[in-house]
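Colleague: This structure is in C-alpha cells; I'll ask about it shortly.
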Amino acid sequence: MQAQQLPYEFFSEENAPKWRGLLVPALKKVQGQVHPTLESNDDALQYVEELILQLLNMLCQAQPRSASDVEERVQKSFPHPIDKWAIADAQSAIEKRKRRNPLSLPAERIHHLLREVLGYKIDHQVSVYIVAVLEYISADILKLVGNYVRNIRHYEITKQDIKVAMCADKVLMDMFHQDVEDINILSLTDEEPSTSGEQTYYDLVKAFMAEIRQYIRELNLIIKVFREPFVSNSKLFSSNDVENIFSRIVDIHELSVKLLGHIEDTVEMTDEGSPHPLVGSCFEDLAEELAFDPYESYARDILRPGFHGHFLSQLSKPGAALYLQSIGEGFKEAVQYVLPRLLLAPVYHCLHYFELLKQLEEKSEDQEDKECMKQAITALLNVQSGMEKICSKSLAKRRLSESACRFYSQQMKGKQLAIKKMNEIQKNIDGWEGKDIGQCCNEFIMEGTLTRVGAKHERHIFLFDGLMICCKSNHGQPRLPGASSAEYRLKEKFFMRKVQINDKDDTSEYKHAFEIILKDGNSVIFSAKSAEEKNNWMAALISLQYRSTLERMLDVTVLQEEKEEQMRLPSAEVYRFAEPDSEENILFEENVQPKAGIPIIKAGTVLKLIERLTYHMYADPNFVRTFLTTYRSFCRPQELLSLLIERFEIPEPEPTEADRIAIENGDQPLSAELKRFRKEYIQPVQLRVLNVCRHWVEHHFYDFERDADLLQRMEEFIGTVRGKAMKKWVESITKIIQRKKIARDNGPGHNITFQSSPPTVEWHISRPGHIETFDLLTLHPIEIARQLTLLESDLYRAVQPSELVGSVWTKEDKEINSPNLLKMIRHTTNLTLWFEKCIVETENLEERVAVVSRIIEILQVFQELNNFNGVLEVVSAMNSSPVYRLDHTFEQIPSRQKKILEEAHELSEDHYKKYLAKLRSINPPCVPFFGIYLTNILKTEEGNPEVLRRHGKELINFSKRRRVAEITGEIQQYQNQPYCLRVEPDIKRFFENLNPMGNSMEKEFTDYLFNKSLEIEPRHPKPLPRFPKKYSYPLKSPGVRPSNPRPGTMRHPTPLQQEPRKISYSRIPESETESTASAPNSPRTPLTPPPASGTSSNTDVCSVFDSDHSASPFHSRSASVSSISLSKGTDEVPVPPPVPPRRRPESAPAESSPSKIMSKHLDSPPAIPPRQPTSKAYSPRYSISDRTSISDPPESPPLLPPREPVRTPDVFSSSPLHLQPPPLGKKSDHGNAFFPNSPSPFTPPPPQTPSPHGTRRHLPSPPLTQEMDLHSIAGPPVPPRQSTSQLIPKLPPKTYKREHTHPSMHRDGPPLLENAHSS
C-alpha cells in the first residue's frame, strides 16, 4: 500500500520511456486542425508533450475516481475561463464517445497507463474525460503559439516560439508555472536582425498585408467579442446605443476584408516580369466606390466631445455591470478601459492609408500603377481632409500614439529597437538585481509617474508585458567618484502574471487610483494625476491581464461560427472537382517541410492536380510554374483547357429537402450560405483559373502556336468571362495574347541595350563579303569563337522547357516537340566533325600542327567567353578516334597550349565537378554544357515510375515532374543574359551552313575520317610520310588578343587558368566520387544486372568524352601522372586495373574498324558532343610508370563516338544513375553521345577486329624537369594533373627509334601507382 501511495514520476528513468513520444503524432494532428497552414518541428511537439504530461500529473494527484472528481480538480487548478471551456469539451467528448471517437490523443493507451499511474483500475469514461481535457489544453497552446508565429510571419512552430508565446499569456503561465518566480526566455537578439534601410515597393506591400491581417483580427475582436454582448441584450442596450458606441465598425470591417482580398489577388496574379505587384488599382477601385467614407463618419462619432460620457453612462445603467461581469472574469473592466482604446485603432489605421499611398506612388516603377495611385489619392482627398480636421481637434488633446491603441503586440516591427530600449532602461536603474529585463519580457508598453499611496515620493513606472518596475528618482550628482550615475533607483518590481489589477473608486484619501493585489494577499495602491492618466494605465494593465482571455473568447466565437456555417459544396456527381481528398486520388509529401505552409503534392489524379492548381483556400505559384512546365507528359493541351473551363464553371449547391420546405414557406435559408459560397469558393477558384491561363499564354505560348484551334478556344473562353472582379484579369490575358500574336507574325525582335558598345569585328586573312575564302585558318580565331558563341547562345536560349520534359527529344515526334534542342544538337555535332575534318584533311604535318594550334586558340577564347559548350566541343574533337591517335602532330604543339587543352578536359572529370564549380563561380552571359542537363533529365525520367499505385488506383507521379522542372529551371536561369558582341552576318551564315559530311552517310564519313588519319600518320613504325602543303597563305596565328582594344569595350571574362583566387581546383578533393550537382537518385530498375565485382568504385555517370578521367588524353610531354592514381595509398592491395579500351592483349588484333561500329544514319539528328570511352583507371597517354617501349606509337585509338541523340534506354545499370552497359560481344548503340556517361570498369570489352599490325607498345615520356616538380610549380593551382611526385623516376627523353626490347602492358598488369614505385 505504501508503494502505491508514492507519487508517480512521469519523467523518471523508469517511466519516461513509456510516455516519451506517445502523444507527438496526435499533437501533430491537433496542430494541423488549429493551424493547417503551419508546420511544427519535433522539438516543439515534444515540449508540448512535456507540458501535457505535467498537466496529467497535476490531475492525477487528486486520485480521481469519477468524472466529477476530474471536473472539480479542473475548476480548482485551471484559471478562469479556460476551466469552463475545458470542462465543456470533456463533457462533449463523453457524449460523442458513444457514437464515435472524437479525440486525437490516444485515449486507449493512456487509459491503460493510468492504471499504473493511479495504482488502481480507473473507469474508462474517466480516462476519456481526462484525455479530452488534455487535448483541449494542447489545442489551446498550439492555437496561441500559431497566432504568434503567423504574427511574426513565420511558417514553422518551434520550441522557442512556444516559450515566448506562453510567457505573454497569463492564463497558461498561471497553469504551468504557478510557483516559478520568473521564466527565462531567450533574448530577442537570437532572432534575425530587423531590416534597416529604405523599403522597396514590394516590402511596403508585404508589410501592409501583414498589418491589415492583424488589423482585421482587431476589428473581429471589437465586433464579435465586445459588440456582440451589446447587440444580444436589447433590454439593456438599444440599437441606437449600440450605434452610438460602435458607429460604422461593421462597414469598416467589410472594407478591410475586401481590400485585403483585392491585394492578395493582385499579388498572386502579378507577372514574373513585372517589377512588383501593381496594387494601385485596388485602392483606386475602392476609392471611386466611396468605400472609405465610413471612416470619416466613424471618426466623427468616436471622437465627438460627449462620446466618453455617453459610453460611461451605458456602463452605469442598472444591471449593466452585473451583466458584463457574468460574461467573464474581468470582462467588465476590459469593456470600460480596453474597448475605448481599441475603438481608436481604425482612426489611426485610416490615417496610415494616406501615408502608405504616397509611399507606394513614390516607389512604384510602373507608370500605370503610379497613375492609379494618383487617382486613388485624389479620390480620397475629401476623406483625408475631413479626417485630419476631426483628429486635429480631438486626438491632439489625448496625446496617444497609435501603438497605445494596439491590442496586439507589434514587437516584430522593431525587435532590435525593443531590445535596445529594455537595455537602456535597465542600465538607467540603480540596484537592479536578478535576470535582465529582456530575459523575461518581450515588449515595452509605457512609462510614467504614479504616486504610491502611503509613500513620500512619486514612483516612476516602467511597464513591460512581463514586469512592472517601480523606481525612485535619483536626485543630485553622485558624491563619490565611480558611483552610479543612474537616473533611477529600484524600489520594487511586480511580475504581471502574479498580480491582480483592481479598480478603485475615488475617496478622500486618494483619487484616480487602482490597486495591484499580490498572490500573498498584500496589495499596493497607485494613484494618477488625472482621470485620463488613470484610464491610460488601466487600459494597458487590463490588456496585459486579460488579453489571452479575450483572444480565446474570439477564437471560440470564430470556431463556433465556422461550425454553424460550414460551406456546402456541390455534389461530386455534378461537379467533379468537389470530390473529397483521399489516398485514392491525392498524396502529399510527408518528409518535406513546405516554406509557406502549403502542402507539397506527391501524386494525384488529373482532376485533383487541377483542383489544387486552382485551389480556393490558397495560391501556390511554384505549383503553377511546375505544372505548366511538365503537364504535357500526362495531359494534352486541349485536355488541360477543357479541364480549366470545367473548373471555372462552378454550379451552386442544390438545396436540401429542408431548404425546399423553407423556400415554399417564403423563407430564404440559402441566401447567406450562397453569398458565402460565392465569395469564399467561386470567386477565388475562378480568379485562379484565370491566373493559370495568364501564365500559360505568357510563358508557354508555343502550345498555342502549334495548335490554332487551342488559341481560338482560349480566346472564346476569355471572351465569355464576366464580372467586375474578373475584368482586369481578362484584359491582361487579352493583351498578352495580342502581343504574342504580333511577335509571332513579325518574328522575334531583339531590342537589347548594353552599357558599353560591343567590340569591333576581328579579321585575319579573309575579308568581309568573301565568304568563299572563309576557313579555319583564314578567319580570326577570336571572331570564330565570338560568332560561334553568339550562335550557340541563341540556340541555347531558344530551348523551351517543354522540349525536355518526358525525354521527348528521344521520342518519335521529336522534330515537332523538340525543334530547338535538336538544332543545338545538330550544330554541335557538325562543328565537332568540322574540327576533326579540318585536322585530318590537312596532310602536311606543319600545316596540321597549325590547324590544331588554331583550334586550341579558339578553345581559349571560348573559355574567356564562358562558352562551356564550345569548350567541350573542342575537347571532344581532340579526343575523337581520328584525331586522338595523331601522336606526331601533338608532339609539336607548344606546352602552353597542351596545358590549356588538359585544363579544358579536366572540366569533365569527376562527374563534371570542376565544370559545375566553374559554372557557379562566373557571372552570365554564358553557354552551359547542355549534355549534363539532358543526362540528369533522362535519369530522372527513366529511373522513376510514371504513376504511383494506391488502393488499385493509378496516381500521376508529380514528384518526378517536380524534379525535372527543377532541372529545367536551372537551364532557364542562364537563358536571360545575352552577349555584348556584334553579329557578323557572313561568318554567322558560314557556321550555320556547316555540313562537313556533305551527302555521306555518317558511317561512311567516320570511316573516311579514320582512314584519312591512318593515311597521314600510319600505324607502322616507319618514317612519317611527307605531303605537299595545302595552303598558300601564312600559317602564323594572329593571336587571341583583340587588335583594337578600346576603353569601355567588352573585356572577355578571365580564363580558367588566370583566376585561381575565384576557384581553386586544388581545394576540391579528387577522391570524391559524387558530383556536387548529380541528378536526383531514382529507384533501381528491376532488370538492372548487378555489378560484376564488388570492387568497382567508379560506377557513376562520368565524362561525355569517355576518356581517362584521371590522366590527360592529350599528348603532354611533361611527366604528368594522374592525380587520382597518386592519391591511392601505398599500402593498398594491388588490384588488376580495368582494361582501357585503347589497349589490346597480345593475342588480340590492335585495331577495330569504325565501319563495324557506326551504324546510324543521318536521318536522325546527331548528338553532341562526341565522346570517347573512359574509365577512372585509364592510364595517361604518356604515363611515366607504364610506358616501357620507346619504339611503338600509341595503341589503337579509342572507340569512335556515336553521332545520334539518345534513345531512351530500356533499363539502367546497377546504379539508377547509369545507362545499361552494352551486351557482351555487341557494340553499344550509344546514340546518346550528348550525355555524360562512363562505362563500368567491369564492362566486357568490345569485340576486336583483326588487324595486320603487330602488338602495340608504349612510348616513354620525356624526363621530369625541375620546373615541373610539385614543390616548385609557381602557377595557379589548376590543373591538379600537373602534380608529380618525387617517387616517380626520371626517364630518358622519348625517341622515335623503333625498338622491340620492352614488354607491352597486359590487362593483368599492376596499377599505375605500383608501377611507379617499382620502377
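Each residue, glycine too, has its Cβ placed from N, Cα and C.
Remember, it's a predicted structure, so these values are computed and weren't measured experimentally.
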Colleague: Annotation phosphoserine in Swiss-Prot: match it to one of SER757, SER818, SER1082, please.
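Modeller: With Swiss-Prot as the source, phosphoserine is noted for SER1082.
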Colleague: For the feature phosphoserine in Swiss-Prot, which residue out of SER1112, SER1240, SER1261 does the record point to?
Modeller: SER1261
Colleague: Write down the residue from SER1078, SER1228, SER1285 that Swiss-Prot flags as phosphoserine.
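Modeller: Record lookup in Swiss-Prot returns phosphoserine for SER1078.
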Colleague: Cβ pairs under 8 Å only, please: of the recorded stretches 200-390, 444-548, 780-1019, which one is richest in them relative to the domain 'N-terminal Ras-GEF' (597-741)?
Modeller: 780-1019
Colleague: With DSSP as the reference, give the number of residues of the domain 'PH' (444-548) in helix, strand and coil.
Modeller: 21 helix, 47 strand, 37 coil
Colleague: By DSSP, how many residues in the domain 'N-terminal Ras-GEF' (597-741) are helix, how many strand, and how many coil?
Modeller: 106 helix, 4 strand, 35 coil
